[in-house]
């Protein structure tokens with residue numbers, strides 16, 4: 001199963017690929033921009 005966690009302190013998320021790259025750098029599976037405020041959410045196994 002895959003879960004998502006919101007990354008605090010990263011500011012607005014404009015491009016999914018940038019978010020995914022940042023998440024992978026911190027050990028997550030990837031990530032994408034979501035929500036009205038466009039924040040980066042990282043993917044992880046849960």
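Cβ atoms are placed via backbone N, Cα and C, with glycine included.
According to Swiss-Prot, the features are:
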- 3-46: disulfide bond (DISULFID)
- 13-33: disulfide bond (DISULFID)
- 19-40: disulfide bond (DISULFID)
- 23-42: disulfide bond (DISULFID)
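Where Swiss-Prot records a feature, it is marked here on the structure.
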| residue | record | Cβ within 10 Å |
| --- | --- | --- |
| 3 | disulfide bond | 11 |
| 13 | disulfide bond | 20 |
| 19 | disulfide bond | 23 |
| 23 | disulfide bond | 23 |
| 33 | disulfide bond | 18 |
| 40 | disulfide bond | 26 |
| 42 | disulfide bond | 22 |
| 46 | disulfide bond | 8 |
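Checked against residue 40 (disulfide bond) by C-alpha proximity, the disulfide-bonded residues 3, 23, 46 yield 23 as the nearest. For residue 33 (disulfide bond), the nearest of the disulfide-bonded residues by C-alpha distance turns out to be 19; the candidates were 19, 23, 42. Within 10 Å of the Cα of residue 3 (disulfide bond), not one of the disulfide-bonded residues from the list 13, 19, 23 places its own Cα. Secondary structure at residue 23 (disulfide bond), taken from DSSP and collapsed to helix, strand or coil, is helix.
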